[in-house]
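**Student:** Quick one: the structure is below, questions incoming.
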Amino acid sequence: MMKPEFSHFFGFCVYFLFLQVMASSEKLRVTTPTRHLLARVGGQAELSCQVIPPHSVMHMEVRWFRSGHSQPVYLYRGGHKMSEEAAPEYANRTEFVKEAIGEGKVSLRIYNINILDDGPYQCSFNDSGFIDVAIMNLNVTAVGLETEIHVQAPDADGVMVECNTGGWFPRPQMEWRDSKGATLPHSLKSYSQDEARFFHMKMTLLLTNMSHGSIICCISNPVTGEEKQTSIILANELFNQDYLWVGIFPFSVLSLILFGVLPFINSFFRSQGCASGCLSKCLPVVTSWPVQIVHFLVCSGVLFAVYLPHRYRVSLSDPQFPLYNNWITELLIVILFLTICFVLPITVLLLIKLSPTCLAKWEKNKDDIMDSQLGLGKAREASTLYEEQSRKSWEQEK
């Protein structure tokens, strides 16, 4: 039986069609081994892409770019880096890793990561008749370096504790905990971002007693789960309001005594007739209670307007924290000092101004008294002599 002459040709055609089908089933595509990458601020990140199935991309155009950016992060074309077309913010910070370029694997290494590098990236391969893109996301993280707890001066409501931290990205989670790990409700929480996009957080807590034991400020990064804790233990004396009266009562008594000095001085000088002319008009006004109180309040207001803002919040790391914490005693000392500084200068000025007049008055009064005493003595002698003469006359008549 004779074979057909076209059998070899037919087999070749079938084989060719089979290869075409296989080639179409193995169409090239771009993928990335990791779609989500983590990188710390100041560290480095490696964005990898590869062609599947393995295929040399040495003569392809490889581009990394970001949505919304007109310039690519990195551009590889014709076997060379196209630096002039890359975005300037990535200049001298990128490296093209091409050890496995013959297998279709390439990477872009970014150094000195900053917060602006956070976000999605796209990697594209372009060749005649082939183009494909893979997307990956770079998550940049930063953990704050310092956490401070500030304590406001206690008042009738309790003690306000404030936790401050900065240098975080993305925005961290904050909460107060007690010594048993239970979450405490915060009074206020706020945040801000600086020019470098770092987050700065502030959280406050109002404490009315020390039943919670130690107080812990917890801050955690929502991406990495890293957590930082700072704790404090406040003295029980801060929550004991009885000590207020220990300072307020003696201060009130002493203030009344000091404020009463000038009116008594005024009354004394007037009784002696020392004040005359302008002084007789000014002295009652200057030494009156309303003028003293207004002067004292004005001086106190000016002092506290300058003083209190500088000690409103005190860090536990401040070496003067024990001094600032005893604010009641400190406040009373300042007010007492103001009172003394108000009373003494006026008293001294009055004494200096009125002493010459009073001395003259006192000398005159002294002379009058002596004269009156001398006249009284003569009158007594005359009376005694008269009595003796009367007695002698009566005896003679008898």
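One-based numbering along the chain as shown.
The backbone N, Cα and C atoms fix where each Cβ goes, glycine too.
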**Student:** What does Swiss-Prot give as the disulfide partner of CYS123, choosing from CYS49, CYS217?
**Tutor:** CYS49
**Student:** Disulfide-wise, see what Swiss-Prot says CYS163 is paired with, picking from CYS217, CYS218.
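**Tutor:** Swiss-Prot lists the disulfide between CYS163 and CYS217.
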**Student:** Sharing a topological domain in Swiss-Prot means sharing a membrane side, so do GLY43 and GLU388 qualify?
**Tutor:** no
**Student:** Which residue, chosen from ASN92, ASN126, is annotated N-linked glycosylation site in Swiss-Prot?
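**Tutor:** With Swiss-Prot as the source, N-linked glycosylation site is noted for ASN92.
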**Student:** List the Cα distance (Å, whole number) between ASN92 (N-linked glycosylation site) and ASN139 (N-linked glycosylation site).
**Tutor:** 21
**Student:** Which one is it: of the glycosylation sites ASN92, ASN139, which Cβ has the fewest other Cβ atoms within 10 Å in this structure?
**Tutor:** ASN92
**Student:** Could you give me three numbers for the domain 'Ig-like C1-type' (142-233), the DSSP helix, strand and coil residue counts?
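**Tutor:** Its residues divide into 0 helix, 54 strand, 38 coil.
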**Student:** Using DSSP and three states only, what is ASN139 (N-linked glycosylation site)?
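**Tutor:** Once the DSSP labels are grouped into three classes, ASN139 (N-linked glycosylation site) ends up as strand.
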